[in-house]
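Engineer: Here you go, one structure.
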Amino acid sequence: MLTRFKKQNNKMVRANIVSMVLLMHAIVGFPFHARGLSMTYYMMSCPFAEQIVKNSVNNALQADPTLAAGLIRMLFHDCFIEGCDASILLDSTKDNTAEKDSPANLSLRGYEIIDDAKEKIENRCPGVVSCADIVAMAARDAVFWAGGPYYDIPKGRFDGKRSKIEDTRNLPSPFLNASQLIQTFGQRGFTPQDVVALSGAHTLGVARCSSFKARLTVPDSSLDSTFANTLSKTCSAGDNAEQPFDATRNDFDNAYFNALQMKSGVLFSDQTLFNTPRTRNLVNGYALNQAKFFFDFQQAMRKMSNLDVKLGSQGEVRQNCRSIN
């Protein structure tokens, strides 16, 4: 009972912090427009939109905290393909296999949260709020719910009409080294600092054995021997067996970076960030200073949320997030 009270009290404190942050943004002249988007986009047309999304996210995460990682991963897998246009939500049809049915996306979770928020919003403001905005807001709210930083994002994204399985080949592989990650993300406008900060999202969630078992077949000096035994034990249950990225799988903190320092990164693409001199100092900095990680992460997430957005005639506002109008 005491633990529950403390968690509820912490939520209240964090809510007050959010209010203070938003007030400070207003006072110092926070940029309310970005790339044709606006912080106040729904102020008149659907003022309850953000609260509805937040309620859907909070209710779902209270029932299943592991879904926080799913919502953050959903945003990344959406935005990195064709931009932040909710293409990841479209279902396959008899004439087209959509992104969500790619092997890279089969483990994505949280679609029902987006559906719930969209249905409730449509009941209040039909045809106004895009699915792309809901995905971006849901990821933001999931970060905060799990204990991470609060950040605001501009709204006004339109939903795309294309979702093809072949486009998912552009998603970064868990087998890339740091130089390859920097190159891949750099092509989309991200810095090495962004790459390391965004990788910190792995402080939440799990990886499946199929994504790291190759590290166990040959000696890997970058992998702690005791942790290697842990991974082997996990994989004994099959390719779909799950291994948490760090010791606090449902808490957004800097434990992920501490794990990398101890050669206990689950994915090759995780551990390479510590093994590579170009990114090691960033890992060490975030492991030492969680506040610095939080600040850089929210900046990188704003950038991710604004990636190649569609505006006006470039897209539409779907009535149902799973199909085009």
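Note that Cβ sites are derived from N, Cα and C of the backbone, with glycine treated the same way.
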Engineer: Given Swiss-Prot annotates D246, T248, D253 as Ca(2+) 2-binding, which of T203, T217, T279 belongs to that site as well?
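Structural biologist: The one candidate that Swiss-Prot places in that Ca(2+) 2 site: T203.
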Engineer: Which of these, C46, C84, shares a disulfide with C79 in Swiss-Prot?
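Structural biologist: Partner cysteine, according to Swiss-Prot: C84.
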Engineer: What residue among N105, N177 has an entry for N-linked glycosylation site in Swiss-Prot?
Structural biologist: N177
Engineer: When a 10 Å sphere is centred on the Cβ of C321 (disulfide bond), how many other Cβ atoms does it contain?
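Structural biologist: 23, counting other Cβ atoms within 10 Å of C321 (disulfide bond).
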Engineer: For a quick check of understanding: among the binding-site residues D246, D253, which residue's Cβ has the most other Cβ atoms within 10 Å?
Structural biologist: D246
Engineer: If the Ca(2+) 2 site is taken as the center of the Cβ atoms of T203, D246, T248, D253, which further residues of that chain fall within 8 Å of it by their Cβ?
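Structural biologist: My list of surrounding residues reads L204, F245, A247, R249, D251, F252, N254, A255, Y256.
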Engineer: Quick check: of the recorded positions listed here (H77, C235, C321), which one has the Cα closest to that of H202 (heme b binding site)?
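Structural biologist: Answer for the nearest of the recorded positions: H77.
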Engineer: Using Cβ atoms only, which residues of the same chain lie under 8 Å from C131 (disulfide bond) while being at least 6 residues apart in sequence?
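Structural biologist: Correct list: A86, L89, I114, K118, D159, V317, R318, C321.
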Engineer: Counting across all protein chains present, how many other Cβ atoms fall within 10 Å of the Cβ of C125 (disulfide bond)?
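Structural biologist: Neighbour count, Cβ to Cβ under the 10 Å cut-off: 16.
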Engineer: Using C-alpha positions only, work out which of the recorded positions H77, C209, D246 is nearest to P172 (substrate binding site).
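Structural biologist: Sorting the recorded positions by distance from P172 (substrate binding site), the top entry is H77.
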